[in-house]
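To start, the structure itself, in structure tokens.
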Amino acid sequence: MCGFVSIISKNGKPVSKESLKAMSREIIHRGPDDSGTWLSDWCGLAFRRLSIMDVSDQGHQPMPDSSGEYVIVFNGEVYNFKEIRLELEEAGVAFRSGSDTEVVLQSYIRWGEKCVERFTGMFSLIIVEKRIRRIFIARDHLGIKPLYTYEDDDFFYFSSEIKALRHVTRFKVNYDSLFEQLIYRYVAGNNTPFKEIHKLSAGTYRLIEQGQFKKDEIYYDIAEKLQVKSRVQEIGILPKIESALKDSIQLHTRSDVGYNIQLSGGVDSSFITAVLSEVECKRLDTFSITLDDEGCNEEKFQNIVATRYRTKHHAYRLTANSFSEALEKAAWHMDVPIVHLGCIFLMLLCQHSVKNSKVILTGEGADELFGGYSRYMLGKKDQITNTIQRLKIQGHFLPNISPFKGLKSRLSKKIIEKQLSTSKDSMLPFLDNLEENTRFRDRTGDALTDTVDKMLAHDQKCYLESLLDRQDKMSMAVSVESRVPFCNPRLFDMVNPISNKLKLKNNIPKYLLKKLSEPYLDNSILYRRKNGLKLPLDQWLRNGPLKDRLSVLTDDTARQRGIYHYATLTKAVDRHIAGKENHGKQLMTLMMFETWMRIFIDRQGERPY
């Protein structure tokens, strides 16, 4: 895993070497092992390398082919590169290195844009064809690796992180997207909280020819196979899923520097640990975050798995001080306002684990793949009538959700809207203009009619990408490569057509994964209530360093911001500190929001530490 930036001229105006280098310096944390630059009069590429595959100098980027006609920068991993390399060698292609980057380049030379359909992995890349001035830009199937773009009258700019673009534009807020991020915890589509800065969408490639945009092509739609349901039986499909999962997990261990496992104590990471314990000859290194308060963490369950599989377990104990000290660093590295406090956990865990290896495997994506959220139960057809009565709209929910009137035809959208928003922790009392900026938009289109399928499609196409962005940014903040074995398009293509009745059998979320995990994990792991690490935010925001940080919500800078209901916010802060009310989650979210505003808007992305 690495990072890159690029500048491409639209009209022949020379690329600034100084701008290219300045952009590259902003992402040095993504690749402290090596760096490189390639520059022509119309295009520039700069690269930061974290050596994982073929750690020799032969993996240096930007990498040309032997003819010098093609040049590539490539961030990520193609895990099946050995199989693709063998196919290319049988066709007469000669290789000069052992890196997957060269395999990706030669794949493009042989198969053109269709090469990305062969890759199993996580990647963003740019390939330059010098003679014809053709640029191929692509992002992996699920959007595991980020790629951002900005353009002005003269140039296209690309970067693995938004912060690098501070050297070529002035950051301005896109309030529609910003409030969407706060309420739904993601920005759908290719927008970002910054005006004129966009993402290249997951499963998409772009062509630029002679300095002109030619096309964006979607080569993979993660939720497409939700539309066609198969009639598979549990007894027949479970062994196939188990085999595919094991293959994906083992494929994700390909590395020249070893790997760690993030062990949360839940089913997903525990299954990864179990599978790899059976195939590895050495003891595995597992890592976790714990808290002093036993009621707030998963340490008991982490220890059950670590003991059963004799892992060398490393538990990092999180305190209010260590959490507080990490906030600015995490906010800067994340690029967008932090709405998942797990960002801070993940960064600190990776900071602890990097001493052992640069690679860590996580269970991210299993909930979106197998249906792991309890909200899916609300969408089951046999529960719709009862749901109408149970879903009462409270005053603090999103304002555009009107009370139910018993209209089943409208229930699907209402369930999705309520469940995908952070309605119970709404920011409505504290932010101006929130209502008109958070109108619910159904991102699944009309193709899906089943409510659970619509929820899965939202989670797979929108929410999952925000979780993967968190994995990337927080691990790369400390030069660690995070790998996600459940986020394999072949797994989604296998599981998505399965009926929701089977996925949620006996009203058990993630039923299929839990059932096939029974030989590997105790029932205390498999069938317990989903909890996760829960911070004592109410307490932390009344005492110690986090209490002091609340001043960012009540000082003159916040008051002059013009986006807060200032009187309501200051009253909430005072009453929370006094112990009269609990607003911990809302205040923490707003604190991170204001911290982001100060770093990226007031100080234009300047490093805060």
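Start at 1 and count along the chain as shown; that gives each residue its number.
Cβ atoms are placed via backbone N, Cα and C, with glycine included.
Heads up, TrEMBL stuff is auto-annotated, nobody curated it.
Feature annotations, courtesy of TrEMBL:
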ACT_SITE  Cys2  active site, for GATase activity
BINDING   Asp100  L-glutamine binding site
BINDING   Ile289  ATP binding site
DOMAIN    2-211  domain 'Glutamine amidotransferase type-2'
SITE      Glu364  site 'Important for beta-aspartyl-AMP intermediate formation'
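Locations of recorded TrEMBL features on the structure.
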| residue | record | CB count, 10 Å |
| --- | --- | --- |
| Cys2 | active site, for GATase activity | 27 |
| Asp100 | L-glutamine binding site | 27 |
| Ile289 | ATP binding site | 23 |
| Glu364 | site 'Important for beta-aspartyl-AMP intermediate formation' | 24 |
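Cys2 (active site, for GATase activity) carries a strand DSSP state (E or B). Note: the Cα of the residue listed as 'L-glutamine binding site' and the Cα of Glu364 (site 'Important for beta-aspartyl-AMP intermediate formation') are spaced 24 Å from each other.
Rounded to a whole value, the Cα-Cα separation of Ile289 (ATP binding site) and the residue listed as 'active site, for GATase activity' is 25 Å. Per-residue pLDDT, averaged over the domain 'Glutamine amidotransferase type-2' (2-211), rounds to 97. Here the CA atom of Cys2 (active site, for GATase activity) lies 20 Å from the CA atom of Glu364 (site 'Important for beta-aspartyl-AMP intermediate formation').
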